[in-house]
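Peer 1: Below are the structure tokens for one structure; questions will follow.
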Protein chains: 2
Amino acid sequence: MSLDPTALPLNELIGLVAALLTTLSFLPQALLTLRTRDVSGISLSMYSAFTLGVGLWLVYGLTLGAWPVIIANALTLALAASILGMKLWFGRRPA
Amino acid sequence: MSLDPTALPLNELIGLVAALLTTLSFLPQALLTLRTRDVSGISLSMYSAFTLGVGLWLVYGLTLGAWPVIIANALTLALAASILGMKLWFGRRPA
């Protein structure tokens with residue numbers, strides 16, 4: 001499997017860039033939340049459903065042995081789960 | 001194409017549920033942001049990159065004629081773009 005992007009057909013290149021963007025886009029959110037602890041505007045329902053959904057995409061990728069799906073969703077799962085964890089931790093009522 | 005979920009093999013069912021969760025999970029975030037206008041904790045970089053990425057997934061689906069990819073990403077694009085729009089609109093500095 002050649003990892004030379006220029007060797008990829010155009011639509012595969014579009015899929016690769018799409019996967020990189022939708023996966024790595026959660027990194028700036030995780031860093032912002034870690035830095036600011038500002039979670040009031042972040043939806044707990046969204047990150048609960050999204051994290052579960054990405055976890056299922058990972059299982060789906062494993063059943064197919066599809067490495068691009070496995071790698072993209074393992075990364076997204078780690079990032080989404082960290083945002084969910086920070087939402088729960090920083091968002092809890094002071095005792 | 002039968003839409004009877006019970007007729008689907010298990011891994012296709014997992015993929016269907018994953019797609020529904022990751023797509024619809026943006027709805028509670030959009031509704032929360034619309035209701036609270038609280039965008040300070042939402043990352044502009046995330047939603048810019050994510051919206052672009054989902055747009056590219058939509059193009060990718062169109063090049064393949066893959067209806068599940070087209071429908072899931074068209075919905076996600078609408079939701080992500082609305083959150084991005086609210087982040088820009090509610091987040092702008094008062095004049």
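Positions of Cβ are set from backbone N, Cα and C atoms, glycine also.
Bear in mind that the values here come from a model prediction, so they are computed numbers and not experimental data.
Residues annotated as transmembrane segment in TrEMBL: A:13-34, A:41-60, A:66-90.
Would you situate these features in the structure and describe their surroundings?
Peer 2: Counting residues 6+ beyond its ends, the transmembrane segment (A:41-60) has Cβ neighbours under 8 Å at 33, 69-70, 73-74, 76-77, 80-81, 83-84, 87-88, 91 in the same chain.
Sequence-distant contacts of the transmembrane segment (A:66-90), counting only residues of its own chain at least 6 positions beyond either end whose CB sits under 8 Å from a CB of the stretch, comprise 16, 19, 22-24, 26-27, 29-30, 33-34, 37-39, 42, 44, 47-48, 50-51, 54-55, 57-58, 60.
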